Amino acid sequence: MAAPGSCALWSYCGRGWSRAMRGCQLLGLRSSWPGDLLSARLLSQEKRAAETHFGFETVSEEEKGGKVYQVFESVAKKYDVMNDMMSLGIHRVWKDLLLWKMHPLPGTQLLDVAGGTGLAWVLGDAEELPFDDDKFDIYTIAFGIRNVTHIDQALQEAHRVLKPGGRFLCLEFSQVNNPLISRLYDLYSFQVIPVLGEVIAGDWKSYQYLVESIRRFPSQEEFKDMIEDAGFHKVTYESLTSGIVAIHSGFKL
């Protein structure tokens, strides 16, 4: 679980990445709503077009930003503890693997979206990044893009701000590829994680949203296609822990 993408706190830095990866806070939100409509029929069409999901619930796009913001406001104080409890600490291994794939060198310009880590923080919208074109060498987002209202727009923005030759890296929950493990994972997710959320963080609903949002996120292959549609090349992915999470990689050429 990470800070919401379209309600994101970014960080970017040119050095000190390992040190910068410690700590994770969130806050901020920005959303939009359709303008004036010409008729009741157009209003109905626009309403349907502007609907999205919040977990298994159907909500308006405007509503989703506020709901995701409230989730992270609620879980912030117990965020790291809950991540350790839910994953038995394995999330730290996943993040280490992301860093190993990144392999930043001194002077590399890095942008970490929806994480709140780094030496310099900027608050804004992942779907409309406040940075110039061709600015960064590496763009990373870990457990954040799942919360973005328009994933395609966030991916296009990632492509825009990367330099030619720049790399996109995303660590996100994905689709378990073993039927037996999938059944056990579903049982744990829906029966245990919300209970842990209630006991440790005093918040059942936020962790119910977490497990539902994971199930709504595209599979590894579907997300790979979305990254390619945003203009990235040489897109690959690696499934970790039987597909519970995956690291997707792509390059701007």
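Easy rule for this one: first residue shown is 1, then count along the chain.
Note that Cβ sites are derived from N, Cα and C of the backbone, with glycine treated the same way.
The model shown is predicted, which means the values in this text are computed figures rather than measured ones.
Feature list (source: TrEMBL):
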- Thr117, Asp125, Ala126: S-adenosyl-L-methionine binding site (BINDING)
Neighbouring CB atoms within 10 angstroms of the CB of Ala126 (S-adenosyl-L-methionine binding site), all protein chains considered, total 29
Excluding its own, the Cβ atoms lying within 10 Å of the Cβ of Asp125 (S-adenosyl-L-methionine binding site) add up to 23
